[in-house]
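Asker: Take this structure first; my questions come after.
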Amino acid sequence: MQAAWLLGALVVPQLLGFSHGARGAEREWEGGWGGAQEEEREREALMLKHLQEALGLPAGRRDKNPEGIPEGKGAGATEKDGQGEEGEEEAVTTPYSSPSPSPTPEDTVTYILGRLAGLDAGLHQVHVRLHALDTRVAELTRGLRQLREVASDTRDAVQALQEAQSRAEREHGRLEGCLKGVRLGHKCFLLSRDFEAQAAAQARCVARGGSLAQPADRQQMETLTRYLRAALAPYNWPVWLGVHDRRAEGLYLFENGQRVSFFAWHRAPSPEPGAGPSAAPHPLSPNQPNGGALENCVAQASDDGSWWDHECERRLYYVCEFPF
């Protein structure tokens, strides 16, 4: 039994050494041919990479065996000394990877032609959609032009209606002024009981086909005085007239630009008999006009028909005159 163990201890190491030697020779032979194949694959991959970079194509598949491991070789087995000897041999593991076929120039050209065909089809679809878009834009432009023409016609029609309405309002105001107011010759006067500033009152009279009252002589003044007294009695209300000196102080004009030649300014009451010449005027009824540059518009008192100058922004009743 001891002789058998001794024989095994002498023979087995020799056999293991012979096996390793044979395997090393096989690896050297495979390494020589494998290295040549690896260099050929590297050259093909480098040429393919340069071609793809020149054409601007995405990188192709790389060789999955960069480490130069010979193909067809399986995973290495881990060898250990089963007899419990002093040195254990370290396990050697060789990963197995399946070889990837390298693309040929024909494959590259076919790929490029396929990509170009796809780009051409995409460009054709873009051209078709652009044509449809151009047609739609032309239709929208034509419709927009028609809408603008319709809007222009509508605007003209609205303007014509507004002008007609304005003429109708002026005619209605003129008829109303002559029917409800007082007529004198070729003029009609109508009192408005709305409080307005002098300029706003003039605008409202113009919108109704007239203007603020412009009594040009004593007869018109007396007629207007009787009308206002009867309309506002027993009260005394100032009523705007179409008289002002806004252009120049002391130069009184009618609203139509004519210069006023007839005036009916209020005068302070005469002093009582026996009063001295130094008696002060009545503080509530001074002589008019007395406002200077601060009071540039004229109003008529409804009780006696006298003229008073007032600030133009004061809101008062007003009387319009209309042509007959």
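Here the Cβ of each residue, glycine as well, is placed from N, Cα and C on the backbone.
Since we're looking at a predicted model, the values are computed, not measured.
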Asker: Out of 32-59, 144-171, 172-199, which range is noted as coiled coil by TrEMBL?
Answerer: 144-171
Asker: Counting by DSSP secondary structure, give me helix, strand and coil numbers for the domain 'C-type lectin' (184-321).
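Answerer: Computed counts for the domain 'C-type lectin' (184-321) are 28 helix, 45 strand, 65 coil.
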